[in-house]
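K.L.:
Below is a structure I'd like to ask you about.
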There are 2 protein chains.
Amino acid sequence: MKDIRVGLLGFGTIGTGTVKVFQENARLIEDRLGARLVLAGIADLDITTDRGVTVEAGILTTRADDLLTSPDIDVIVELIGGYEPARTFVLKAIAQGKHVVTANKALLAVHGEEILAAAAAKGVEVMFEAAVGGGIPVISAIKENLCANGFQSVFGILNGTCNYILTRMTNEDAEFSAVLRDAQAKGYAEADPTFDLEGIDTAHKLAILISLCFGTRISLEQIYTEGIRSVSALDIQFAKQFGYKIKLLAIGKFDGEQIEARVHPTMIPHNYPLADVDGVFNAVRLSGDFVGPVMLSGRGAGMEATASAVMGDVMAIARNILSGARGRTPAMAYRPGTIKTLPIKPMTEIISQYFLRFSAMDKPGVMAQISGVLGRYDISIASMIQPERQEEGGAVPIVIMTHEAKEENVRTALDEIDALSVVKEKSLFIRIESEIA
Amino acid sequence: MKDIRVGLLGFGTIGTGTVKVFQENARLIEDRLGARLVLAGIADLDITTDRGVTVEAGILTTRADDLLTSPDIDVIVELIGGYEPARTFVLKAIAQGKHVVTANKALLAVHGEEILAAAAAKGVEVMFEAAVGGGIPVISAIKENLCANGFQSVFGILNGTCNYILTRMTNEDAEFSAVLRDAQAKGYAEADPTFDLEGIDTAHKLAILISLCFGTRISLEQIYTEGIRSVSALDIQFAKQFGYKIKLLAIGKFDGEQIEARVHPTMIPHNYPLADVDGVFNAVRLSGDFVGPVMLSGRGAGMEATASAVMGDVMAIARNILSGARGRTPAMAYRPGTIKTLPIKPMTEIISQYFLRFSAMDKPGVMAQISGVLGRYDISIASMIQPERQEEGGAVPIVIMTHEAKEENVRTALDEIDALSVVKEKSLFIRIESEIA
C-alpha cells in the first residue's frame, strides 16, 4: 500500500486537531483512500508545549525548511495563519513541487493570485476548504457538484465570534461591550478581536466565495465592510418587534453585469433559514440558476471541525496523486484564463430595504417632517414604531422599516433629516435582506 | 478543445432539465471544465411530445441501443427510473466501457451491488448524486470533503411529497386525505403515490446514505419503514402543543457496533434545524466525529434542481477523463474490499423518546392505571396533556411524552394498556428525536 506523506506547518489549535485525525481515523482513511496518510513532520517554533496529543519526537522540528525541502513529503499543510512567514513558506513548498493545503483566508484574500499562479506554473495543487466556514464543505460544493450552475447570490454567516456575540446580545438583551468581555474571558473572542469584529475576517472569506461563485477577481478593498461594534441592544430589540434578527452577513450578488460585495450587520426575518444559525455556527446559502437555493451549515471554527476540512483537502490531493490526475479541478473553480474582473456595484447604487432609527423631539409634526424628507427621496415606509414618550419634552426614538430604496437616497435623506432642528442625534440605518434566495 | 460526449436515456422531467443545462450553461461549463460537454443523443420511447426545449432532430432516438453501442459516447445518463429496463441499459453501458450517471435510487438500492461490481470490473464510474436529495450535494460531501470523518448519524427529510403533505397538514390543521387529494391535483403527489407515502422512496435513499456513511451493505428489507398515512391532524396539533413538529424522518445511526436504520413519522422540537425544512425542500444532517453536525438543505426534487446534480456528476466524470484519473473516488465512499456487513439493531432494541396517545374513559383512576403499566415497563413520563372532557362519560384522548425508553417495552406496555377495560381504542405511539446531532 502506497504512503502519502504530509508535513504540517504550525502546531497550534487546528494543527493539533489535524494530528488527531491522523491518529484516530487512520484505518478509516485507509479504507476509503486505498493508501496510508503519513504525518511525516510538524514544524513549529514551540515544540515543547504539551498539546494533549502524543507525536513521535523525531517528527517535530522548529525549522519549516526541514519539511519544505524534504524530498519525501508530498503535501504541505500550512496552519500558521497571517501573511508572513506563511506566504514565503507556501511559495517555497510550491517551488519544491509540493501540493499545499491551507486554512489561511487572509493569505488567500491578499496573496491568492500570486500563490495560485506559482502553483499552476509548477503543476501542483493548492486547496483551502478550511479557509471558509470551518468544517462546512462549501468550497468543494461550489467547485465540484454545483459546478454546472451559474450562481446569482451567496450569503454567509462566516465569523463565529461575531455570531456568538450577536446571538447572546439577542437572547440576553445585553449590550455589545458586556458580551464581548465575557466572550473574551470564555475564549470565544480573541484578546485583539479587531479582525473579527470589524468584519475583516468575514470579508476575507467573502472574497473567496465571490471569486469561486462568479469567476471574478476581487480585492479586499472592493468589499464594503462594516463590523458589529455599532450594533446596539436597542436596535436588536426593535428588530425583534418587527420579526427580524440582526446578523453580520456576507453578501455577494451577481446580476449578470455587476457584483455586489458587502459585509455588514443585516436584519433578516426571524423565520428565514439563516436566522436560526446561532452561536459559533456558520452557514452559507448559495443560489444557483438550476439548483435554486442550497444552504450548508455547521461548525465554523474550532480545532476538530476545521481539521475535518483540512484533511478532506489532503485526501482530495492524495486521490489525485494516486489516480494520476493532474489539474483535475481549477483552484478557483474557473480555469485561470477565464477568470474576469467584473465591475463592483458602488454602495450608493445598491437597492435594499432599510431599518431607520431617528432620535427626535416628542412633539406634533415631527413624523410629518421626517416622512416628508423620505418621500422626496422615493423612500416609502413599510412600517413604523414610535414608542411612548419616556420623559416630558425629551427625545424619543422613531423606528421605520422602508420598502426597497436606493442607498444613495437613504444616505442623502438621513443627512437632510439630521439637519432638522427636531432631530437630536445622528440617525442610524441597518440594511435588511428579506429576499434571500 | 476536447469534447466529452453524453447520451441521455429518458426524456422526461429530469431529462428535459438536463437538456436545459447543456443549452443554457454551455459556456460557463466550458470555462470551468476546459472541455465542451456535448449532448450526443437522447433516447426515449416518446420522441414527439413537445417538452418546451428544442433539440436537433438527429439526436433523438427511440432505441436506447443507438446510444449504448455508439463508440463516440463517453457518458450515459440514465433518467428512466424504476428497475427495468434501467438495469439492463446501465449494465450494457458499463459493458460497452461507458461511464454512467443515474438519478435512480430504486435501481441503486436494489441492484446497486451488481451494477457497481460490473463498473469496477470494467474500470468505469457510476455516479448518482441526484438519487438522494435532488440538487443537494450530499453524496459528494460524504464521499469527498467530509471523508476524513467517521460518521455517527445521518438524519434526512428526503421525500418532497411527504414533506409537502405534512407541512400543509401542520399549517392548515388539515387531514391527510384532503391534503393528498389537493397535492395530486396540483402535481405535488403522483397519481399512485404509494412509493412516496409508504416511506419506500425515503428508505431507498436512506439505504444509500447509510452505505456511504458507515461503509456497510444494507438491503431495503433491513430498513424499518413506516409511511405517513397514519399521521392525523389531531397528533400534529398535540405535537404543536408540546413544541414539536412531525416529519417523515430517515434515521441512520452507528454506535460502533450496530446500525440503526429506520424511516417513520417522527416528532422533532420545532426549534431544531430540520424542523424548518418545509414543503418540497429536503435536508440531510450528518454528524461526523471531527466535523460535528453538518446540515445541507435545498430543493429535493424538480426538473432543474435534479438536473444540477446530474450535471455535477457528468462534470466530475469529465474531469476524471480529462485529467487521466482512474478509480479516483470509490463509488460507495469506501473501497469495495473494505465494505462490511454490519449488524442492524432490531427495532425492539432501539432507545427513543415516545409520544403516546390513549383513548380512555373519562373517569377517576384511569391515569393511575395507565401510568402504572408504563412504570412497570420502565417508561417514565416527561409530560402529559389530558384535554377537558368533551361529552359526559365518553372517551377522551390522553397524551403523554416519555423520557427515553426501550421500544420493546413501549410496545408491550401499549398492548397491556389496550387490554384495560377503560381503554376504548388501540393506543398509538410516535417516536421522538430530540437529540439530533
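Positions of Cβ are set from backbone N, Cα and C atoms, glycine also.
Annotations in TrEMBL come from automatic prediction, not curation.
Under the heading active site, proton donor, TrEMBL lists A:K205. Marked as NADP(+) binding site by TrEMBL: A:L9, A:G10, A:F11, A:G12, A:T13, A:I14, A:G15, A:T16. What TrEMBL records for A:K105 is NADPH binding site. Feature annotation from TrEMBL assigns L-homoserine binding site to A:E190. Taken from TrEMBL, the feature domain 'ACT' covers A:355-431.
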K.L.:
Tell me the coarse DSSP state (helix, strand, coil) of A:L9 (NADP(+) binding site).
P.N.:
strand
K.L.:
If you run the three-state DSSP split on A:E190 (L-homoserine binding site), which class comes out?
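P.N.:
Going by the DSSP assignment, A:E190 (L-homoserine binding site) belongs to neither helix nor strand, so it counts as coil.
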K.L.:
When DSSP is mapped onto helix/strand/coil, what comes out for A:K105 (NADPH binding site)?
P.N.:
helix
K.L.:
Hey, how far is A:T16 (NADP(+) binding site) from the residue listed as 'L-homoserine binding site', Cα to Cα, in Å?
P.N.:
19
K.L.:
Provide the number of Cβ atoms within 10 Å of the Cβ of the residue listed as 'NADPH binding site', excluding the reference atom itself.
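P.N.:
I count 24 other Cβ atoms within 10 Å of it.
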K.L.:
Whole-number Å only: compute the distance from the Cα of A:K205 (active site, proton donor) to the Cα of A:G10 (NADP(+) binding site).
P.N.:
21
K.L.:
Could you tell me which of these binding-site residues, A:T13, A:T16, has the fewest other Cβ atoms within 10 Å of its Cβ?
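P.N.:
So among A:T13, A:T16, the binding-site residues given, the one with the fewest Cβ atoms within 10 Å is A:T13.
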K.L.:
Using the centroid of the Cβ atoms of A:L9, A:G10, A:F11, A:G12, A:T13, A:I14, A:G15, A:T16 as reference, list every other same-chain residue with Cβ within 8 Å of it (recorded NADP(+) site), in sequence order.
P.N.:
A:L8, A:G17, A:T18, A:D44, A:L79, A:I80
K.L.:
Round to a whole number and give the Cα-to-Cα distance in Å for the pair A:I14 (NADP(+) binding site) and A:E190 (L-homoserine binding site).
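P.N.:
One finds 15 Å between the Cα atoms of these residues.
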K.L.:
I need the CA-to-CA distance for A:G10 (NADP(+) binding site) versus the residue listed as 'NADPH binding site', whole Å please.
P.N.:
15
K.L.:
Counting only residues 6+ apart in the same chain, whose Cβ is under 8 Å from the Cβ of A:F11 (NADP(+) binding site)?
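P.N.:
Set apart from A:F11 (NADP(+) binding site) by at least 6 residues yet with Cβ under 8 Å, we have A:V19, A:I42, A:A43, A:D44, A:D46, A:I47, A:R51, A:L60.
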